[in-house]
């Protein structure tokens with residue numbers, strides 16, 4: 001029986017740099033995760049590609065997937081749905097592949113209930129003023145939406161205690177190293193190592 005893969009969930013408030021950190025994690029030659037691409041009803045930002053950054057789908061398609069039980073998690077955020085298709089995640093974990101999710105806080109709490117064995121990492125900004133500057137710096141949001149995102153971010157930061165780890169995204173390279181360290185630590189936990197040796201011993205009988 002194949003050892004089940006790790007589910008690594010990276011989450012945090014809007015504007016904290018989840019996407020940037022995720023991209024850096026996957027560019028690192030020492031990482032070997034599979035990335036579960038999220039589905040969203042929001043419009044693509046400049047440079048984003050369907051099937052690479054997100055699956056960009058209509059509201060009707062997304063709501064049908066919810067009704068059909070095909071979403072591991074989903075949330076409505078600032079008027080748009082975001083969520084994780086279930087089938088891909090289950091298939092990869094069962095095959096022993098580590099899966100990396102980059103999702104919103106609401107969605108992460110749903111995954112926590114569905115798959116409590118996951119590793120939940122909260123990405124934090126150095127401070128709230130820096131977070132606001134990052135959101136404004138995108139140049140894609142009105143000030144009304146910026147303020148709405150900031151109010152949501154304050155509530156989300158209060159939920160940090162529901163996560164296993166917190167990583168400050170001050171310098172992207174530093175955040176990546178910390179995430180790599182967390183995953184390595186989880187792979188070395190005795191319950192996983194014992195399980196591996198039990199299978200080896202069973203094979204000798």
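Numbers run from 1 along the shown chain.
Note that Cβ sites are derived from N, Cα and C of the backbone, with glycine treated the same way.
Features as listed in Swiss-Prot:
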type    : residues                       : note
DOMAIN  : 5-184                          : domain 'Guanylate kinase-like'
BINDING : 12, 13, 14, 15, 16, 17, 18, 19 : ATP binding site
Review point. So which one is it: of the binding-site residues 13, 17, 19, which has the fewest other Cβ atoms within 10 Å?
Key: 19
Review point. So among the binding-site residues 12, 15, who's got the most Cβ atoms within 10 Å?
Key: 12
Study note, to complete from the structure: Counting only residues outside 12, 13, 14, 15, 16, 17, 18, 19 in the same chain, those with C-beta within 8 angstroms of the ATP site's C-beta centroid are 123, 125, 131, 134, 169
Check your understanding: Where does residue 15 (ATP binding site) sit in DSSP terms: helix, strand, or coil?
Key -> coil
Review point. What count of other C-beta atoms do you get within 10 angstroms of the C-beta of residue 14 (ATP binding site), across all chains shown?
Key: 22
**Study point:** Sparsest-packed of the listed binding-site residues (16, 18) - C-beta count within 10 angstroms
**Key:** 18
